[in-house]
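The annotation compositional bias 'Low complexity' is assigned in Swiss-Prot to 36-48. As annotated by Swiss-Prot, compositional bias 'Basic and acidic residues' applies to 51-70. The compositional bias 'Pro residues' feature in Swiss-Prot is assigned to 93-104. Under the heading repeat 'ANK 1', Swiss-Prot lists 122-155. Annotated repeat 'ANK 2' per Swiss-Prot: 157-186, in sequence order. The repeat 'ANK 3' annotation in Swiss-Prot covers 190-219.
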Amino acid sequence: MSDARKGPDEADDSQCDSGIESLRSLRSLPEPTAAPGSGSSQSGCPQPWRHAPETHKEPEKEDADGERADSTYASSSLTESFPLLERPEAKDPSPPAPGSPLPPAGVLSPQQLEALTYISEDGDTLLHLAVIHEAPSVLFCCLAFLPQEVLDIQNNLYQTALHLAVHLDQPDVVRALVLKGASRILQDQHGDTALHVACRRQNLACACCLLEEQPEPGRQLSHPLDLQLKNWQGLACLHIATLQRNQPLIELLLQNGADIDVQEGTSGKTALHLAVETQERSLVQFLLQAGARVDARMLNGCTPLHLAAGRGLNSISSTLCEAGADSLLLNVEDETPQDLAEDLLSYLPFDDLKISGKPLLCTD
């Protein structure tokens, strides 16, 4: 678990390569001279090694999860700030056709190159900003001109443009980034991949793009998508979807190879344990029908039936017993589910028991 708990400051250099070197290699032109005290070049475009003037700084915005989903970049319209990037074909917000060749770097003017290699004080590249400000013309211009490595640059919160596109519910942008080879396994400051974010926000459309789209021919796939990858809380995507009680999202993950019995990293709970804790019987039934192991054990030896019995969840206990749960398994404290149960009759998978001709009534 030591690896799963690493914070962003402790992450391996190989994992946290921001791609800055790619920007430096792209920007091989001599630096234009600016007037003393000026924050921009003579062309009027911001220089990539300077931050936006403080006088124009906008307050940061946060999304529903408390994550920063905006930038301190000066203008609310990137197309006004970077007019040199406007192209006739960039007016069309649809992504470039798959397999289209990348334009040679020589077609860029020095001013356009400065704009494309801009980095804000928050570590946001122009690609981050295009996602934040919903500027599709700038976004697809970046996708056409920038090398693949630049797509994976992480800002100061370790977010890639792909993270932000999911945060801001932009499935078309997510699809375009995946087609261009953006990494889907990079983790932000919480250890979340873009798919973790999609599961937490219950964004089925973005999750579909991340799971089902593949890079176009000629694009390098550096690392395959790992559905068992855990964030710093020890949660895989399936755990998050289960806690959100989102059955369509759970089904999508399972169809694409998620391990239904993967254990979270703190106490060893599986999705079935978490479903019991949500106290939603239909979710427990769904996971059992999908093949969840009914007697999966936590690190302390508890099965889902231990949890249901200890919480007095009689209907869920009955469902687990009907699926074959063993009510006599011991945990590390030598307790069985029967020891924890308030009502042993809840374990019996029958509803027509009679004593001396009188029915036994079991209530939840």
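Every residue gets a Cβ built from N, Cα and C, even glycine.
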Residues in the repeat 'ANK 1' (122-155) grouped by DSSP into helix, strand and remaining coil: 22 helix, 1 strand, 11 coil
Arithmetic mean of per-residue pLDDT over the repeat 'ANK 1' (122-155): 91
